[in-house]
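Quick look at what Swiss-Prot lists:
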DOMAIN    4-162  domain 'Obg'
REGION    18-45  region 'Disordered'
COMPBIAS  36-45  compositional bias 'Gly residues'
DOMAIN    163-329  domain 'OBG-type G'
BINDING   169-176, 194-198, 216-219, 283-286, 310-312  GTP binding site
BINDING   S176, T196  Mg(2+) binding site
REGION    351-386  region 'Disordered'
COMPBIAS  356-386  compositional bias 'Acidic residues'
Amino acid sequence: MAESNFVDYVKIYCRSGKGGRGSTHMRREKYTPNGGPDGGDGGRGGHVILRGNRNYWTLLHLRYDRHAMAGHGESGSKNRSFGKDGADKIIEVPCGTVVYNAETGEYVCDVTEHGQEVILLKGGRGGLGNWHFKTATRQAPRFAQPGEPMQEMTVILELKLLADVGLVGFPNAGKSTLLSAISAAKPKIADYPFTTLEPNLGIVSYRDGQSFVMADIPGIIEGASEGKGLGLRFLRHIERNSLLLFMIPADSDDIRKDYEVLLNELKTFNPEMLDKQRVLAITKSDMLDQELMDEIEPTLPEGIPHVFISSVSGLGISVLKDILWTELNKESNKIEAIVHRPKDVSRLQQELKDMGEDEELDYEYEDDGDEDDLDYEYEEEDWEDK
């Protein structure tokens, strides 16, 4: 089976650059016998920076580039010349990427907008040259600061797609059929469970050139929170949605029970998802006449808008779009910033294994003869912001 191009979970090793050494150069010129210190400052080490890029919608490009390392700052030189700063390492990521510490599971940052930049690891500051340490009683200091050391961290990048409406339902509930019917998206559709193996996004056109984004994820089954089926690992992609559209087919034995099962799986995954506005669509309703619809209506869950639809015949599609648009534009349904919970450390290694990301990514450092940098006592007042 070919490997999917949709990658929403990768582990990478990141390392910033260390600061360059300050110079200990003493000015020596023919007619300046007591020139004194003129050693320049070392350059700043490169930062590791995450940048949101709307042209990416998957983390596939990072699966084969697991080491992100910035450049080291260069040493200062004579005439108080600054060392060159190390090159920053820019990591382009899709909007909606969340970063966790791969060792502790702690939430680190979130990139949600195109062009947004987040400094993941700061480069070390360059060491001060010896001219900074000249005093009335110390005219010729023959020492300078080493640069600050680099920082390193192995991180998990987890993509959570950005959409307005998320489709929730069992396999074969008609989610992909609806998405293909009301948008230009072309998800795989077939009459067997788990046809959808990865999330799909579609832009739904509304009136007067307005539109909203809909996300379809693999179907959920009862027990998904215990590892059954495919859907649970993809639920992160509807965490950011303003509205959840529950889809249950008209031939269900008990629509209310199926709705409660789906609701419980969401609650198990993230209780905050129950705070989102919900709409219920009874799919495949072209098999029903008005009398059957009237019989089913009293048995439906209370307190949420509902509509009978058929993606094949077009029944109720316009009404559904009206309901979704109205709900999306209610002030009470405006999505708030997500509070990202840290990962459970006790389950983190198993999660990495399940996602195929349990490979060790440690990097072997090059020996550049700066061992004494590690022993230097860095004090904040010694540094100048550069």
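Yeah, the Cβs are placed from backbone N, Cα and C, and that goes for glycine too.
Sequence features, as recorded in Swiss-Prot, placed on the structure.
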residue	record	DSSP class
G169	GTP binding site	strand
K175	GTP binding site	helix
E198	GTP binding site	coil
P218	GTP binding site	coil
K284	GTP binding site	coil
S310	GTP binding site	coil
Which sequence-distant residues neighbour the compositional bias 'Gly residues' (36-45)? Criterion: at least 6 residues beyond either end, Cβ under 8 Å. 16-27, 70-86, 123-134, 139-142, 144-148, 150, 386
Applying a 10 Å Cβ distance cut-off over all chains shown, what neighbour count does K175 (GTP binding site) have? 30
Number of Cβ atoms other than its own within 10 Å, given for E198 (GTP binding site): 18
Those binding-site residues listed as N172, S176, S310, and which of them has the most Cβ atoms within 10 Å of its own Cβ: S176
Separation of alpha carbons, E198 (GTP binding site) and S176 (Mg(2+) binding site) (Å): 11
Sequence gap of 6 or more, C-beta under 8 Å: which same-chain residues meet both conditions with respect to G169 (GTP binding site)? K175, G219, I220, F246, M247, I248, L262, T283
When pLDDT is averaged across the domain 'Obg' (4-162), the result is 91
